[in-house]
Amino acid sequence: MNQDQMKKAAAEAAIEYVESGMIVGVGTGSTANHFIDLLAAIKDRIDGTVASSEASAQRLRGHGIQVMDLNTAGQLPLYVDGADESNAELHLIKGGGGALTREKIVAAASDKFVCIADESKLVDVLGAFPLPVEVIPMARAYVARELTKLGGQPVLREGFTTDNGNVILDVHNLQISDPVAMEDHINQLPGVVTVGIFAQRPADVLILGSAGGIRKIG
């Protein structure tokens, strides 16, 4: 199996968590796209979806799947999304696709968060993948200086604006040994909308696609 096939295998395993009558939270990115495409086959069984990005909403609608506003949908039973990294505690780095704030909101509003990924995403310590931080534009330089004090090297994601109209700083070379504390600290910086550490609300289940099949943690 190549990496894309591993992602699809993880997405197929996540479909098993979808029950009739659910409103399903749906993430963003290449692995989540596999889940969306598979969800199309059972779209008549669910009551709708909540998307974590405009891109995912468009893909869902392209399959004829209803997309609802989270404020209307209320508490969700299930959220399925990918990750850029996960540790053994199911703390994640997310936001490579730029949808981290909406992803974090939908995850917080969901009873169960099933994370799907290929096996390369499981790491001992978070931080090899550059950590995305969504920032209000006027605070970009200030937040970058503060992130540098933490030992990271923040780089503006050039030519990219989030669905919320903000910018992203990708922070390189951070060793995130305490994800919960780091998430809290960065989120406290004025001008930060959210950081792409998902530790205070980690995944409940991690499904990894591998050459040998599926592995579940949690």
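Cβ coordinates are placed from backbone N, Cα and C, and glycine is handled just like the others.
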Binding-site annotation, Swiss-Prot, substrate: partner of Thr28, Gly29, Ser30, Thr31, Asp81, Gly82, Ala83, Asp84, Lys94, Gly95, Gly96, Gly97 in Lys112, Lys121, Lys149: Lys121
Listed in sequence order, residues with CB under 8 A of Gly96 (substrate binding site) and six or more positions away: Gly29, Asp84, Phe129, Pro132
Sorted by sequence, non-Thr28, Gly29, Ser30, Thr31, Asp81, Gly82, Ala83, Asp84, Lys94, Gly95, Gly96, Gly97, Lys121 residues with Cβ within 8 Å of centre, substrate: Gly27, Ala32, Ala117
Euclidean distance between Cα atoms of Glu103 (active site, proton acceptor) and Ala83 (substrate binding site), Å: 11
Other C-beta atoms that fall within 10 angstroms of the C-beta of Lys121 (substrate binding site): 24
In sequence order, the binding-site residues (Ser30, Lys94, Lys121) whose C-alpha falls within 10 A of Glu103 (active site, proton acceptor): Lys94
Proximal but sequence-remote residues of the same chain as Thr28 (substrate binding site) (Cβ under 8 Å, at least 6 apart): Ala51, Ser52, Ser53, Ala55, Ser56, Asp81, Gly82, Gly97, Gly98, Ala99, Arg102, Glu103
